[in-house]
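According to TrEMBL, the feature Mg(2+) 4 binding site maps to A:28, A:43, A:73. Here TrEMBL flags A:28, A:73, A:205 as Mg(2+) 3 binding site. Look at TrEMBL and you will find A:45, A:73 tagged as Mg(2+) 2 binding site. Look at TrEMBL and you will find A:45, A:120 tagged as Mg(2+) 1 binding site. Residues or ranges marked as substrate binding site in TrEMBL: A:52, A:260, A:316. Feature annotation from TrEMBL assigns ATP binding site to A:119, A:120, A:144, A:207. Residues annotated as Mg(2+) 5 binding site in TrEMBL: A:208. Annotated domain 'PurM-like N-terminal' per TrEMBL: A:26-136, in sequence order. For A:148-300, the entry in TrEMBL reads domain 'PurM-like C-terminal'.
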């Protein structure tokens with residue numbers, strides 16, 4: 001099968017049917033309609049074998065995750081997902097692999113009302129670039145900048161699950177269903193992102209770990225924050241690992257810096273504090289208040305007695321990690 | 001330097017300033033405004049080291065070409081370029097290489113009024129994915145489908161230059177400036193594409209070679225065509241190679257199938273035939289009528305005496321080329 005045949009067979013018709021797709025996948029360009037009064041939010045991300053996922057990773061899960069990573073960026077912007085494009089570089093024309101990858105991608109696309117409108121297939125080392133496109137009401141995109149002293153620092157879901165799952169896989173240890181799902185099938189917090197428009201003062205998605213990503217909010221907003229470690233929302237499995245290291249001081253690396261969480265971190269003006277539980281119910285995900293924005297710069301990690309935490313962690317860095 | 005620092009230093013502020021960029025590169029998503037009455041045209045393409053370019057290729061030229069490839073798709077759709085996103089996978093954080101790549105990208109971006117609004121930098125085998133975004137008046141995008149029997153088949157510029165340049169490089173032979181520019185700094189036919197809206201019945205850009213790409217127009221349009229080989233527009237260098245093979249029958253591989261031309265191939269209803277010279281002057285590029293659309297299916301290549309050409313060529317295929 002040629003490149004064109006593979007595209008036609010596997011990449012065509014993926015995801016939801018949408019009236020705003022004028023020219024679908026298969027022409028030189030897709031042609032698309034952005035609704036009047038909406039702005040277009042776009043984000044492109046690449047996953048590389050051996051860097052972002054294990055080379056023997058299940059293809060179907062990888063298809064799901066490739067789209068989830070982008071949708072998580074749309075969520076952090078408060079955007080409603082609409083379209084995706086996929087540039088897939090494969091070592092060989094492995095149809096079974098491609099079919100499985102597309103199944104996973106299509107499953108999440110259909111669930112989030114996303115259409116795959118563009119696809120490029122090339123030969124080379126396994127690399128996946130996905131661009132997502134969504135809509136926000138004009139002037140209402142959530143940004144990293146905007147946090148103000150006094151705002152609450154909040155996160156959705158739980159932190160460190162994917163990092164722990166990866167650690168188990170790398171050590172050849174068994175993986176329970178919860179951790180596997182959190183690593184391989186993250187569910188982007190799209191509903192929460194849309195609900196946060198007009199409420200949150202700043203938002204980001206947690207792809208590189210809380211320390212790095214909250215750091216981006218603080219740098220963009222020109223503020224500092226404190227976060228209390230004991231408030232971090234942890235699944236039992238992660239809490240066990242954190243506590244298990246108590247001899248040498250608790251190991252907070254997983255929830256603070258292991259990355260791949262795809263939860264949202266956001267800052268909320270204190271007048272909206274009372275709405276947190278309603279927000280969590282409406283978005284159908286846990287939301288935890290973990291700290292507060294203060295004047296200054298940088299992130300201070302506090303122990304439960306309010307003292308500065310003595311440990312250190314580093315955010316994941318693709319070039320130096 | 002971390003991934004974030006590299007993005008901030010090298011990818012920020014590339015290309016034209018544009019009023020329609022609400023949130024520029026550096027947040028979770030870029031946020032963009034599509035003008036009322038316009039549709040959005042998008043295309044994503046990947047270039048892989050060793051497949052689409054030689055691994056020792058000049059970084060600045062590669063930056064230019066990475067964007068040119070996408071703009072050529074916009075041209076084939078008749079779209080006016082607006083924004084680009086870049087997902088760059090690099091083996092190492094080589095700042096000199098990155099700076100040169102960005103210079104080449106920025107030069108073409110500025111020339112075409114394009115803003116780089118999104119960037120992702122990852123570690124891995126050298127792979128470049130670029131998505132381009134442009135505008136077309138609603139309902140007026142050029143497509144591959146639409147050719148009708150009786151339409152003229154036309155191409156812009158000259159064919160086979162990039163293929164010949166690559167052949168010279170692969171053989172370690174010297175390269176003249178014209179051929180080098182045609183391989184490394186193709187100029188996408190954006191002006192021509194915009195002028196073709198409302199005139200051409202179908203269009204495609206020549207990235208995989210005339211036989212493959214015109215084949216896509218014919219398949220999408222449900223038509224056949226004949227093309228007369230002696231009408232193909234050839235630079236002297238390519239014409240020399242074609243003629244030089246005369247002993248075993250002329251070698252038409254370069255203009256028919258070597259790819260990387262980034263010219264436009266389009267079909268024109270015969271009532272617009274008289275406008276071809278005006279069109280060429282307005283678009284500031286040669287346009288040559290090379291054949292005609294006829295009923296049926298497939299492409300027939302004819303010699304100057306009107307007989308079927310006895311040779312064969314294959315379009316470039318990334319998985320089997």
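Cβ coordinates are placed from backbone N, Cα and C, and glycine is handled just like the others.
Among the binding-site residues A:52, A:207, A:260, the ones whose Cβ sits under 8 Å from a Cβ of chain B are, in sequence order, A:52.
You'll find the Cα of residue A:260 (substrate binding site) roughly 5 Å from the Cα of residue A:207 (ATP binding site). Under DSSP, the residues of the domain 'PurM-like N-terminal' (A:26-136) split into helix, strand and coil as follows: 36 helix, 47 strand, 28 coil.
In this structure, the C-alpha atom of residue A:119 (ATP binding site) lies 10 angstrom from that of residue A:28 (Mg(2+) 4 binding site). Cα proximity to residue A:205 (Mg(2+) 3 binding site) (within 10 Å) is found for the following binding-site residues from A:28, A:43, A:45, A:52, A:73, A:120: A:73. Summarised as a single figure, the pLDDT of the domain 'PurM-like C-terminal' (A:148-300) averages 95.
The number of other CB atoms found within 10 A of the CB of residue A:73 (Mg(2+) 4 binding site), across every protein chain shown, is 27.
Across the structure, residue A:45 (Mg(2+) 2 binding site) and residue A:73 (Mg(2+) 4 binding site) place their CA atoms 9 angstrom apart.
Taking a C-beta cut-off of under 8 Å and a sequence gap of six or more, residue A:52 (substrate binding site) has these contacts in its own chain: A:46. Taking the Cα atom of each, residue A:28 (Mg(2+) 4 binding site) and residue A:120 (Mg(2+) 1 binding site) are about 11 angstrom apart.
Counting other CB atoms no more than 10 Å from each candidate's CB, the binding-site residues A:144, A:205, A:260 peak at A:205.
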